[in-house]
Structure formats: structure tokens, C-alpha cells
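Positions annotated as coiled coil by TrEMBL: 250-277. Sequence annotations record features per position, and here TrEMBL assigns compositional bias 'Basic and acidic residues' to 1-19. Positions annotated as compositional bias 'Acidic residues' by TrEMBL: 21-30. The feature domain 'Major facilitator superfamily (MFS) profile' is assigned by TrEMBL to 54-487. Feature annotation from TrEMBL assigns region 'Disordered' to 1-45. Sequence annotations record features per position, and here TrEMBL assigns transmembrane segment to 50-79, 91-107, 119-137, 149-167, 173-195, 207-230, 336-358, 365-387, 393-421, 459-480.
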Amino acid sequence: MGAQENGKERGQKYVRMDSDTAAEEEEEEAVSVSHPLQENGKESSGSSKYVMACAILASLNSVLLGYDVGVMSGAILFIKEDLKINEVQEEVFVGILSIISLFGSLAGGRTSDAIGRKWTMAFAAVIFQSGAGIMALATSFRVLMLGRFLAGIGIGFGVMIAPVYIAEIAPTVARGSLTSFPEIFINLGILLGYVSNYGFSGLPSHISWRIMLAVGILPSVFIAFALFIIPESPRWLVMQNRVDEARIVLLKTNENASEVDERLAEIQEAAGSANAEKYEEKSVWHEILNPTPGVRRMLITGCGIQIFQQITGIDATVYYSPTIFKGAGIKGNTQLLAATVGVGFTKTIFILVAIFLIDKVGRKPLLYISTIGMTVCLFSLGVTLSTMEDSKIGIVLSILCVCANVAFFSVGIGPICWVVSSEIFPLRLRAQASAFGAVGSRVSSGLVAMSFLSVTHAITVGGTFLLFAAISALSVAFVFKYVPETKGKSLEQIEMLFQNDSHWTEGEVEIGDMKHLMEKQLHQSRACLPM
């Protein structure tokens, strides 16, 4: 198979002992890992740049989500003053975006299978742009909510489709890094939102928040230009029996022609193009709702990591960072917004660290570092807010704990959540199952954001973060039991990994089992070929 070379499988620790070239293969793999976008030890500079450009342009929709999260933390201060909304309306307005976005995510799976990954991204940008424009011009809470509704639908489409598209177009050895790009752009959007808050905070309240929201329209304009550059997903093209077009895309993203043929054969087999069963929409949802043991494991892993990413309170920390710092003792809107800019810079810097490590260190080690680090930071923040309120030491420690928490989030579960959930599902289920997982993320985010202020009134801000710390501790156990290592495996290999009954929760399939599965897959492939 394409992922095996001379008896050695990429990403496994197994080396065939009777091979005279084992040492050479180890050296070649070291080169490949050191330079994720190299193939066979030779840098494919043209295809590498092309794939990276596609990943960047496909991630532009994520800027919209990040900008909304970041800018709303400051804009809401001025919206409350201008439109005279109460605290319940504030919670609903802030949190409803995540709840509404689940409808976009659910529809996004079906839409992306119908019109393609590329045009689904375009559709997402148009809807969000409409919502942002309405919010910027709103004169009442009702109109504001209408714009919020449209923005949420657009974000739901965008947040679901970008990781799927990148996972399907990226080479195996660089898929982790490239699929993390949407999370980078979310963080970039958050930082831009914080900077926008600080930059426009000096304007009159009835103007400042409108400009803050209107600026969010600009990223979607660039998405229109991206559509003329990025190709359609080769896996979607194969699903539409447009194999020649898929081959052209693969040739652009892989300079090794023989590898293109192998990847295309794998995709055709996974898509059911070689005399295999054709899956219809109804049967796809039937398989998701009535899963086999393998699909059930995928859903537990994919949906579970999406939910844990949010219920540890990251969106609440970002949305309500001014409230948190106010509780620590910082006074004045300008000072509060300035402190949030530091949080945004930290979050953005550490997501870049994750990009360099995710395909070298692996998904699971980074998840351990992330979830354990977040647990410690959230516990420390809860204790600080509970015992050192209105003291200079408390203010400093609170800022440090919030920055450290978002740093640990960004280096692990933040980007890896999207990487894992976009690469573990088989092709026939990928779009719909990824949408299903995104629903868990959006619902969790919405519930946390909509209840944060109420919970803080009930158990204090410090108590709320102690609760987040307990949930974060549970996420460590979830990673240990349910998240396998997928580094270095092709999407088709990962599908087989989850079919293994005895070793999948250990994070790595035994090489004998994988060899057996690969031989079985090869046998089935040969059986489908014409005599």
C-alpha cells in the first residue's frame, strides 16, 4: 500500500528485521518528519507551496469565527450601554451564536457533499457577511438577534468544512500541521477582535461597537478571491466520479506521479468507485445513528473531543475575559480591553507552536500536555479569584493564569480537536460525521457562554473556574482512553485502525493487526480489478 515502504509502515515503530535497508528507511523517515512537506526525502517545493496556499485560503472562514469571539468580548460593553440590554439578553446574544451555528454545521455536511467543499466555503462567507452587516446597522435587540442568527449559520458552515477540505487535500505527512490552520486563523481572528476593541474603544458608544462588528465583514471579501485559486477536494471529485479532475488536483499537491496513482486508488476504493457499494444520504445517516462498533468508536472520539474542547470553558474565558479581569480588580474599560489583547497574543503565538509539533511529537502527547496544563491553570485561576480579589498580586496572577490557560489550549486540544475529528471518519461518512461532531462543539460552547454569568452569580467567578478545572481533569482521562495516535497514517489507514476490536483505545494498532488489515484491504482491491 501507499503508506508502506519496504515492509515498514510510516508512523509505526515496526521495522522488518530481515530488511537490509532498515537503517536507510529510518534516515529517510527522519528527513520526512523534519520537513513535513517533503516526499521521499526530496523537497517538493512547488506542490508544498500550493498545498499550503490552499490550506491558508480555506482557513479564512475561521477568521470570521475568531473575530466574532474576540470582538464581542469588548463590543458587548458598548452594546449594553447603547441599546440598554439586560444581563439575560447579554448572555443570550453572546451564547446564541454557537447554538445557531450547529444548524449551519448540520446543513454543511449535506451541502458539501452536494455542491462540493469549495463552494460550501463560499456559501458560508456570504451568509456570515449578511449577518455581520445587519448587526452593525441594528437599532434594536430584535434586529441585532436577526443578524446574530445569520452570522451563526455562516460560522456553522465554515467551521465544519475547512478542516474537512484541508484533511482531504493535504499529504499524509503534513496533514496534522495543515489541518491545524483553521485553529490558527480562529486565534488570529480573536487577536484582531481584541485589537479592534482596544482601537475603537475611544469612540462614542453608539458608534464604536458598530465599527467593531462591521470590520468583521472584511475577511469574507478575501474568500471570494480564494475561490479562483483553490481546487476542489480530490476525494469529493472521486465521489462524483470525476476521477480525471481528481488526478489533476493530486498531481498539483504531490510531485511524485507514482504516489498519485497509489493515493487515487486508495481514494477510489474508499469512495466505493471500484464496483463497491454506493452510499446514499439516507444510508449515511442511518450508519451514523445506528453505528457499527468501529463507527461508534469514531463518533465517541470525534464528538467527545469536540465537546471537551468547549466545556473546559475556553470560549467563556475569551468572551468574558473583561469580566474575569474586572473580578480580579482591574478598573476601566480601556484597561480591561488592553489586558485582553495580551490574552489574544498569547493564544496566537502558541497555536504556531502546535503547528511545528503536531506532526513531529504526535497528537496524543500534545493532548496530554494541553489538558493537564489547562487543569492546573484553571484550578490556579479559581483559587486566585476566590482568595486574592482586588489585590495587585491577584490581578497579576489572574492575567498569568488566563494567558497560560489559553496557551495550553492552543498548543494541544484547540487545534488537535479539529485535526482528529476531520481525519478519523471514513470518506463516505466524513462530511456528515464531522458536521455531527461540530454540533457537539457548538452546543457545548453556546451552553457555557449563555450560562457563564448566571453561574458566576451562583458560585462566584472563582468557583466557576474551579468547576472548569474539574471538567478539564476529566478530559485527561478521556484522551487516555478514547483518543488513539493518528500521526503518520493515511486517512484510509486510520479508518482501519478504528475497526480493530482490541487495541484501538491504546492509541496504536499492533503491527500484526495492521498488516493483516492492510493485506485484507489489498486483496479486496485486487478482487475489484477487471481480469
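For all residues, glycine too, the Cβ spot is worked out from N, Cα and C.
Remember, TrEMBL labels are computer predictions, not curated facts.
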Residues of the parent chain within Cβ reach of the transmembrane segment (393-421), under 8 Å, 6 or more residues beyond its termini: 163, 167, 175-176, 179-180, 182-184, 187, 301-303, 305-306, 308-309, 312, 314, 317-318, 321, 324-325, 328-330, 339, 342-343, 346-351, 353-355, 357-358, 363, 366-371, 373-374, 377-378, 380-381, 384-385, 387, 434, 437-438, 441, 475, 483, 486
Range from 119-137, 207-230, 459-480 with most C-beta pairs under 8 A to the transmembrane segment (365-387): 459-480
How about the transmembrane segment (119-137) and the transmembrane segment (50-79): do they have 3 or more C-beta pairs under 8 A, pairs 6 or more apart in sequence? yes
Same-chain residues at least 6 beyond the ends of the transmembrane segment (50-79) with CB under 8 Å of its CB atoms are 37, 85, 90, 93-94, 97, 121, 124-125, 128, 132, 144, 151, 154-155, 157-159, 161-162, 165-166, 169-171, 174, 178-179, 181-194, 196-198, 201, 205-206, 208-209, 212-213, 215-216, 219-220, 222-223, 226, 229-231, 252-253, 315, 318-322, 333, 337, 340, 344
To the transmembrane segment (149-167), which of 91-107, 173-195, 336-358, 459-480 is linked by the most Cβ pairs under 8 Å? 91-107
What residues elsewhere in the chain lie close to the transmembrane segment (91-107), defined as a C-beta under 8 angstroms and at least 6 residues from its ends? 68, 72, 76, 79, 85, 124, 127, 141, 144-145, 148-149, 151-160, 310, 315, 319, 435-436, 438-439, 442-454
Should anything in the same chain at least six residues away from the transmembrane segment (336-358) have a Cβ under 8 Å from its Cβ atoms, list it; otherwise answer none. 70, 73-74, 176-177, 180-181, 183-184, 187-188, 190-191, 193-195, 197-198, 201, 318, 321-322, 325-326, 330, 366, 399, 402-403, 406-412, 414-416, 419, 487
